[in-house]
């Protein structure tokens, strides 16, 4: 058996790679790990999911695994991933389980596990759980020692009270289009923005289990651009299937990506004295324009590998207060233990109201260098990335770019893809060099 955990939990096509049997085994193994690492007593796990069709099957299997090992399951239903992380701490649960494949297509699903306080697991803990999956079920409690299932009726309201802390001023007079991706934010997202005072126009907020992320949300911005322009809205915010991401569109329909959002929020926090150590944490995928904008403002930038778990690790290690990814995962540890798209949207709108500036004006503090990202599907990520022909193509591109740009070659942690990213002084060069390297990867993969 290969490694189960990727960069963001366990993922696969539901009922093919991610089966009910595997979900049950993961639930049981997580419960066993908890029993071996803590003292005696009744244990509780928060369990949530996004609305994709396979979620109910996997939820039932995970809960069966947990309860078979004596852990009570606190079922919160369809809620965003950051809600499950928050509620794990708010309910003083021993751990949390989120069933979601985030921005992936509907047939996929995933299982993400949070430790105490809603923090993501480290590699050693994931390895321990994997070893317990391989070993099979442990001792089975009987009678009153079997875990129970409890429905947390107040879960959504508790989460909404939490995210309201992100909004330090009323948003009255602001019109926002919210794209919920037919996902986990479909109910709580519009409620959160309306509670803050904004006029909300919601789109793609009618999940039926089959339409999550289907040409909508943060990976398909055409609909929200059109809606912002049609309604004359001040901005649009787009979430993904589990609402841990937020991308924005300004009143002109132009994209404000995670890099630009981080610049806006970093400057706001610096001004308020809330940017710890005057430092922003981001990944190697962030545009060079972010680094230049932060240098001009006197903000340090700490760079990590790709994946919000690495951003989170650096935030915790340095006790920093803001980090994120270009993809829209924005983390503010003072407001949550993981990326929260709704919190990000509220903070962005708060800055607009506080300054009286448009989103376009705020985002203009960062000048984006042309960046081209090509996803290349391969059968063997490691072999393709290491192929001599690919390395030669990368070397040629780096020689041409010199100090005026950069190239990154990165295997996806969740999909059979290698991502080729090139930044250059002009778009033609970025496209040409990215295509050249992508062709080499495709031929090798």
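Cβ coordinates are placed from backbone N, Cα and C, and glycine is handled just like the others.
Under the heading active site, phosphoserine intermediate, Swiss-Prot lists 102. In the three-state DSSP scheme, residue 102 (active site, phosphoserine intermediate) is classed as coil. Note on residue 102 (active site, phosphoserine intermediate): other Cβ atoms within 10 Å of its Cβ, all shown chains, come to 29.
Annotation comment: Swiss-Prot describes 102, 240, 242, 244 as Mg(2+) binding site, evidence class sequence analysis. For residue 240 (Mg(2+) binding site), other Cβ atoms within 10 Å of its Cβ number 33. Under the DSSP three-state reduction, residue 240 (Mg(2+) binding site) is assigned to coil, being neither helix nor strand.
Per Swiss-Prot, the feature phosphoserine maps to 102.
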Those same-chain residues, other than 102, 240, 242, 244, found with Cβ within 8 Å of the centroid of the Mg(2+)-site Cβ atoms are 50, 80, 81, 100, 103, 183, 184, 239, 241, 243, 245, 341
Within 10 Å of the Cβ of residue 242 (Mg(2+) binding site), how many other Cβ atoms are there? 35
